[in-house]
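Student: One structure is given below, represented as structure tokens, and several questions about it will come after.
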Amino acid sequence: AWYVPCLASLETLQELCRKENLTCKAIGITNRSLKSYEVEYLCDYKVEEGKGYYLVKWKGWPESSNTWEPLKHLNCPLLIQNFLRDKSEYLSRGRGGKAMKLRNHVKTLKPAIADYIVKKAKQRIALQRWKEELNRKKNHKAMILVENTVDLEGPPLDFYYINEYKPAPGINVLNGITTGCECADCPAEKCCPKEAGFILAYNKRKKLKIQPGLPIYECNSYCRCGPDCPNRIVQKGTPYSLCIFRTNNGRGWGVKTLQKIKTNSFVMEYVGEVITSEEAERRGQFYDNQGNTYLFDLDYDSDEFTVDAARYGNVSHFVNHSCDPNLQVFNVFIDNLDLRLPRIALFSTRTIKAGEELTFDYQMKGSIDLTSDSAEGLSPPKKSIRTVCKCGAMCCRGYLN
């Protein structure tokens, strides 16, 4: 049988089924639930004959089915709380941040207020779905949260979460490894770093002990050692719960840690599409017109390949620049010894407190050419137009390029 992927959301399919009075067990519409009603969000409020009514959007039903319901018919305290908070937030914006209550004689909300409340409700649902999608796709135990208390921006429309490099046709990111170490207890004399001519990158506490610029060689899938080997750090994925959040100073999305991170700890890997430098040059011209780029040159040994995290990437896609960063870039080799194709790992340069934003210097050696989606109106270093840096660091260079 042929299967065609459907681009419609589950809620849209449910609405269509209910509209046509059809059942479909695959999407949760049965004879029993065909006429069931669950509040999705509250759209408006009015007072008639001294009694308050909320305009309800029912989950799985089209907006044409919205109804006005008295409070006693509703059993959704969290949605009511969100409604009141969004209303208060809209009113306070017009008062310079000061709270303002509606006058007692006002019987209905202004259309602009109701419109804002609906947009916030839809944004909240969209961000929740995005958070669930990110956590389904990630391959590490730590959680990914999403937060926007700044504006009405929703999830990026053309971004797909991946856990490892996505090679372009003709590029092999898994080659060069045919054997591994025979260590019963790493590190030993013949362990992977030693075989490559370098020292073990981690100390006994599994913290980084080498200087920036030196490569990291971890044990691979052919090695005799098990998953608890102290030389298996980056390959286990992000160990910290992180939050993708909307910044309040015009830098777009950013990433903050929800846990304390100690100095020299692995935080995350930078992944994306692996493309040739020629293709990167072509894409770069297109990104220039958009005002941003996610191109990260893999220049440890040569400039033959580039990582493009514009459409495919992980949490690192959203990490902002800083002239005084708390993350540092390192080249890592695990199941691939091709010096042209290192994996890119970000390690902490100092202790990072829970709730603190994660940043790295886009101009440090081995870093991306310029920017994440956080900075607007950015141009590549090759252009004469200089982009103002908004990192706010005491040592800020003033410009990103």
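Every residue gets a Cβ built from N, Cα and C, even glycine.
According to TrEMBL, the protein carries these features:
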DOMAIN    37-95  domain 'Chromo'
DOMAIN    179-237  domain 'Pre-SET'
BINDING   C181, C183, C186, C191  Zn(2+) 1 binding site
BINDING   C186, C219, C225, C229  Zn(2+) 3 binding site
DOMAIN    240-363  domain 'SET'
BINDING   R251, G252, W253, N320, H321, Y362, K390  S-adenosyl-L-methionine binding site
BINDING   C323, C389, C391, C396  Zn(2+) 4 binding site
DOMAIN    385-401  domain 'Post-SET'
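A description of the local structural setting of each listed feature is requested, covering burial, neighbours and distances.
Tutor: Non-local contacts of C181 (Zn(2+) 1 binding site) by the CB criterion (under 8 A, 6+ apart in sequence, same chain) comprise A188, K190, C191, C192, E195, C219, C223, R224, C225.
Taking the Cβ of C323 (Zn(2+) 4 binding site) as centre and 10 Å as the limit, one finds 19 other Cβ atoms among all the protein chains shown.
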Student: Restricting to the binding-site residues C183, C186, C229, C389, C391, C396, which ones have a CA within 10 Å of the CA of N320 (S-adenosyl-L-methionine binding site)?
Tutor: C391
Student: Given a 10 Å Cβ-Cβ cut-off, pick out the one of the binding-site residues C183, C225, C396 that has the most other Cβ atoms nearby.
Tutor: C225
Student: Find the shortest Cα-Cα separation between C183 (Zn(2+) 1 binding site) and the binding-site residues G252, H321, C396, and name the residue that gives it.
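Tutor: Answer for the nearest of the binding-site residues: H321.
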Student: Let me check the 10 A CB neighbour count of W253 (S-adenosyl-L-methionine binding site). How many other CB atoms are there?
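Tutor: I count 21 other Cβ atoms within 10 Å of it.
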Student: Averaged over the domain 'Post-SET' (385-401), what pLDDT does the predicted model reach?
Tutor: 74
Student: For H321 (S-adenosyl-L-methionine binding site), just count the other CB atoms lying within 10 A of its CB, please.
Tutor: 25
